[in-house]
Structure formats: structure tokens, C-alpha cells
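For reference, the structure discussed in these notes is given below.
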Amino acid sequence: MKFGREFETQMIQEWKEAYMDYRSLKSIVKQILRYRLQKQQRPPPPPPPPSTGDTVPLKTDGGEGGGGGGGGGPGLSRRISLYRAFSGLTNRASRSPKKSHKHHNPLSSKRHHHHHNHHHYHLFDDDEEQIILINEDETASYTTTFLNSAEEGGEMEVQFFRRLDGEFNKVLRFYKQKVENVMEEADELSRQLNVLIALRVKVENPHVHLPPDLNSVASAPSSPHSTMRTPAPSPMDVIREMEKTEDKKVFKPAPVEMLDHVKLKIDPETPLLTLKMMILGLPSEQTFSKPELRRAEELMNRAFVEFYQKLRFLKSYCFLNQLAFAKILKKYDKTTSRNASKPYLNTVDHSYLGSCDEVSRLMSRVEATFIKHFANGNHREGMKCLRPKTKREKHRITYFLGFFSGCAVALAIAITVLVHIRGLTKSEGRHQYMENIFPLYSLFGFVAVHLFMYAADIYFWSRYRVNYPFIFGFEQGNDLGYREVLLVGSGLAVLTFGGVISNLDMEMDPRTKSFSVITELVPLALLVCLMMVLFCPFNIIYRSSRYFFVGSVFRCLLSPLYKVILPDFFLADQLTSQVQTFRSLLFYVCYYGWGGDFKRRTHTCYDSEIYKELYLVVAIIPYWFRFAQSIRRLVEEKDKMHGLNALKYLSTILAVAARTIFEMKRGTYWLTVAVTTSSIATLFNTYWDIFRDWGLMNRNSKNPWLRDKLLVPYKSIYFIVMVANVVLRLAWMQTVLGIKEAPFLHKRALVAVVASLEIVRRGIWNFFRLENEHLNNVGKYRAFKSVPLPFQELGGSKSV
């Protein structure tokens, strides 16, 4: 793989715009190469122009003499020193402060140009020509002067160095800002951990009273970092309970008195806590109980893990950009036969990007602190928690995916052949089968279609580098890829088709006047198996993903009482497209319960008043989830857009209720109500899909009527999916227009087709919804989760 593609693959996608623009610099180098090739073909062979005669010795000196000899040994050592400078950032602490912290660049000139020239000539061989001059101003911005700009074609090289300086300064500013941010966060984590240690002391010994002299060291506040070039101790150095003296260790406990000035922030995360805080309010006094300690330790654990991830990202950002500068300058040298990479890379090495080792030093402090305070001194367990889990691609997943897919296709063909051979479409029992058995199996079909659409979404999210695991908050290393989701969907399809084949008999036993009990219980057995797998406590069949799904469903069921997060309202949106699945579940209860005789394939569910009421309720429930979530977010965030979103779902609830009542009662009045409410809901939902969820239809954007940033390279795709979304939104017209059956389709099959089209529409919506969310994260450089800290000062909202 070429470096450009590898560079884009290894990027932190949310920081993509902050990386060096390797592609644009490479395009300028290609322009220089094309110009030089044309220049070589332009003049006739004899006699060469004077400019060519002047150029040949320079090329010989740079390529064979000074450039070859000086670029072979020193150039190679320069590249090695570049990699060593990055990988050994933790070793820079052992160097002298002058080299480690002062960003003195012998190639940059601020005021004394003679000093610059002195060092410059020491970096070139005697027969090498000085090509560039690099200056650094008071704002730590670098400007490169190309000294051979008067040459023919020199303006392109001037453009190259101007663009290179712009990218270098951009990277420097971003990196310095992020380092300052993590240093401030390290200060806050230090104070938070100091309070946590005091809380531990208080909980384990509530009556402890420590003399002030023992608390003096532990209570010493962390000094703010005025500059990162001073050899002051890292913020993590203040977190110490044990200090060595000459001969023994002296115990330095954290000051318990600091607990009088802070309070534990307990966000209600369970319905019981939410109701309790709504009724009683926040507790006025600290109890210093073990549950509070466990909660604080859990939050601090998550905060340290997330903070360590930030440091890893910064370290990767630093290394990749240094490597990109080395690669593009090497390509420039090869194209122009010059040796400009040596001075420029030396500047990079002595800049803040190459010489600041605060990130690596802070990483080692975080590791030591986390292992000591959260892993009981177990280095392996501590690093296992801090480092992200790498996902292993397993060949058996691909094998079983192919196996189950082949089985599903074979069974589908077998069903088609059996229906044709037996003439089941013209059988007397066809209507009985479609009214009783087909709705049972259609439930699994809806779930399988949704799984296939979700797998397609994951594939395209990965292809266009949408960071969906971060957006959904999946556990690192345990998130499912599209192969795993396809495997689950194909396995479910195999079980469903196998059950359908067992129930294809259309005639009862003439002796018993009933169907086989075993075959009639196959759909129920499949449903029970599906539920058992979903709630299986053993670590099989993607337990972490199953539990994540079950937990999200549970929070949706109690929507107003839980804080709304993206995975929960995203799942609730998925459930709004599975209304027919909920109705199929209701039919299961009725058919195998109070209203059916499964042995004779008869039921009275559609005549039951209870069933009719529940038929309406289960269709509204998914939209109620989203309505309640929007109200909760409106109350918490005070954003009026959540209120409008709640109105959108309320209009949909009214439309679904009106269509359901019209389906049961008919009549002109309910037809008018159904058409009116459905039209309003369709317009509202279509506007929200395109304008709000997808962020499209911006006429002033760089891409007219779309948005400024697009991940899909073909703009026509966006217009096609907008039209498709509107068309699929109108599937409700099948109900109000009274379309009961289509050619070769039973009315139950038609309902299943319409429901499947809604699932397909939801799958399309998913991709562009997450694309817009990802681009919002990119625009805000939001690559980390916000983890709340457990303690804050009394009388204020600030953390400790």
C-alpha cells in the first residue's frame, strides 16, 4: 500500500483536517516532475542551452557528489534519528534541559542571521548548495525562503515550500493546543484523584483525624504549568501517598479535610435514583458510604482510561505527521535532485512537534498511577484496561458466513420448488396458511432484513471511514463488523427457512382433523430459541453485543427516567421501523394463547376487542419511546429543537393511530382523519430526515443543495436517496387507499412487503444519519467521549 493511502488509513478521522495535507503537497511535486520531463523533451539535443549547462553540474554534484555522498550516509542517519526522536520521547527526560525543553533550532533565524548561517554551513557538505532558508518568528511560525526561485520553474517550488510551511504551522498549532489541553486535564485528574484517596481513607476509617504535618505533602496543590519547557514535575507527581527517605518509607496520606469542601456528583442513571431525586432532591450531606466510593472509583477509572486514549492519539498524531513530512520531502528531493529534506527535517525535529516529550512522560505517569490506584499494582491488568483491545479477524467467521448463506439460498430455492410442485398457491389451505402461519414466520424475516441492512451500513461506514464504534460507544475490540452481523442474519435465515419447510403442508390429517402438533409448534420453538440466545448469560454468540442491545432496549422502555444517549435514541428510531414485528409478537401471544387453536390453524384474534386495543398500542409504543426521549432532552438541554422533534413524533403517533383505527372501522370520517394526519406526519418527518438528520438541502454550501462536506464521492447518490426516502415514506398510502391484495400476493404478504420496504428505508437513513454525526465530530475535532468527573467544589458547578 502506498504511503498516502496508509497515511489516511492511520489517521484519527475526527482530526483529519488537522493532519498534514499530504495529497495536495504530492500533487505539487507531480507538477514539478511533469514540468521537468517536458523541459527535458523541449530543447533539441545539440547544442544544449546555457541554462542546461549550468544545471548539469548542479545535478551531478547533488546526485553523485554532494547529494549522493552527503545524502547517503547523513540522509540515512537523519531518517533514523527522526524515528528515534519519536519512539524515544520518554528517553528525552534523561537529556539536558536545554535539549529537551528549549526548542532552539540552529536552522531558524529570529534576529541573528549570522548565527543561522554559521549553523547552516555546518549541516551541508562543502560541495552542497544551500537551497532553502528557514526563519521562525515570535509566534513560533516557520517561513521557508527558496533561494533558487529565479530558476526556470522555480515558482512551483516556491509554491511547494509555501504550502509545506502552511501545513507545518497548522500541525504545530493544533498539536500545541492539544498538549496544553491534556496538561490542564492532567491537573484536574490529579486533584480529583487526591480527593478520591481522601475519600478512601474516610470510608475505611470514618473517625480518622490526621495531624496537619502528615497532610502537608499530600495536600500540596499542583502548581499550574506556566510553561512546558520548565523541568517542573508532571501533574501526576503530586499524586503520592508513599515517599522514600534515606532509609525508610514515610506514610503520606491524603488530607481528609478536603472532603469538607467538595461534593460527589451523582447523576441519576437508574429510574429509582431519578424518581428519588425528583421527589427528594439532591442529598444535602455527604454520607461517605461505600456505594459513593465505588461510584467515584468507577468514574475515575473511566476518566483515566479515556485520558490515556487521548495521550495515545496525540502520540500517534505527532509520529504520523513527522513521518509524512519526511516522506514528502524525500519525494521532493528525488524529483528535483536537491537536498532540501535535511535542513527542513532538522527544523521539524527541533520544533515543538519533534522536541516536546510531555505526552510520553505523561503517559508513563498515567500508567504508573492507574496501575497503583485502580489495578492493585497488577501491571498486566492495568495495561489491559488502558490499552485498547485489538479486534482479531477470524477465518472461521468468513467460513461459516459462506456456509450459512449457501444453506439459506438452498432452502429458499427448495421452498420455491416445493410450492410450485405441490401447487400450494392454488390450494384450498392457502388462505388458512397465510392467515395463521405466515405472520408467525414473518417476524423472523423482518429481523433478518434489518440485520442485513445493518451489516450493509457497517460495511459502508467502514469504507468511508465513519467512526461508528466511537459514535455508538461500543466496547473497543468487541464491536461487530459486517461479517459478524451477516453471520447472525444468515443463521437466522437458515432456521426460519427450515421451519417454513416443516410447515408447508396445507391439509389436515383426515383421521384426527388437525395438523401435526410438533410442526405447528416450530414457530414458537424458534421464537423461544431466539429469546434464549438473546438473554444467554454465557460468553457465546457475541455476549457483550447482546447485553449492549438488551441494556439499550431496557433504557428505551423506561425512556423518561434515563439520561438519553445516542445509542438509545438511535435504537428507538430503529424500533419505529419494526412496528409490524411488534404486531407479530402480539399475534404469537394470541395465536398460542387465548385466541387461537394452533392444532387446527384457526384463531379469533382479529375479532377480539382486547387484541384490537393492543394492536393499536404496540404500534404506538416505538414512537412513544422517541417522544419521551425528546422531552427528556428538552428538559435537560433546554434546546428548542428537541421540542420540535417531540412534536414530530407526536404527529406520527396520531397518524399511526388514525390509520390503525381506519383499518379496523373504515368509513369516510376515519379516512379523512388518516389521510390528514398521515400527510402532516410525512411532511414533518421528510423535512426532519433531510434537513436535520442528514444535514442536506443547504443551497449556500460548497455542494449546492447538499452540505459542505460529503463522504460519498458521487453527489447524485444524495439526490437519489432523498427521492427514495420520500417515496418509501409514502408506503402508508397502501392502508388508506384500501389496497388489500396485489397480483400474486396475499394481503398478509403485501403487508410484509410494505413493512420490509420501511426497514430498507431505515437502513438507508442510518448511513446518512451517522455520516452527518461523524462530520459534526470532525468539524469539532471531537474524538473522545466526555466522561464526567465525580467531585466538584461546594457552592459551584466547577470540578475540584
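The backbone N, Cα and C atoms fix where each Cβ goes, glycine too.
Swiss-Prot annotations:
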DOMAIN    1-346  domain 'SPX'
TOPO_DOM  1-398  topological domain 'Cytoplasmic'
REGION    38-77  region 'Disordered'
COMPBIAS  42-51  compositional bias 'Pro residues'
COMPBIAS  63-75  compositional bias 'Gly residues'
REGION    91-119  region 'Disordered'
COMPBIAS  95-119  compositional bias 'Basic residues'
REGION    212-234  region 'Disordered'
COMPBIAS  216-229  compositional bias 'Polar residues'
TRANSMEM  399-419  transmembrane segment
TRANSMEM  440-460  transmembrane segment
TOPO_DOM  461-483  topological domain 'Cytoplasmic'
TRANSMEM  484-504  transmembrane segment
TRANSMEM  521-541  transmembrane segment
TOPO_DOM  542-670  topological domain 'Cytoplasmic'
DOMAIN    606-800  domain 'EXS'
TRANSMEM  671-691  transmembrane segment
TRANSMEM  719-739  transmembrane segment
TOPO_DOM  740-800  topological domain 'Cytoplasmic'
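If you count C-beta pairs under 8 angstroms between the transmembrane segment (719-739) and each of 399-419, 440-460, 484-504, 521-541, 671-691, the highest count goes to 671-691. Counting C-beta pairs under 8 angstroms (sequence separation of 6 or more), the transmembrane segment (399-419) reaches the transmembrane segment (484-504) with 3 or more such pairs. Mean pLDDT across the topological domain 'Cytoplasmic' (740-800) comes to 86 in this model. Helix, strand and coil content of the topological domain 'Cytoplasmic' (740-800), in residues and according to DSSP, is 33 helix, 6 strand, 22 coil. Sequence-distant contacts of the topological domain 'Cytoplasmic' (461-483) (same chain, six or more residues past either end, CB-CB distance under 8 Å): 8, 13-14, 388-391, 397-398, 401, 455, 542, 544-545, 548, 565-567, 570, 711-712, 767, 770-771, 773-774, 777, 783, 785. Broken down by DSSP into helix, strand and coil, the topological domain 'Cytoplasmic' (542-670) contains 103 helix, 4 strand, 22 coil.
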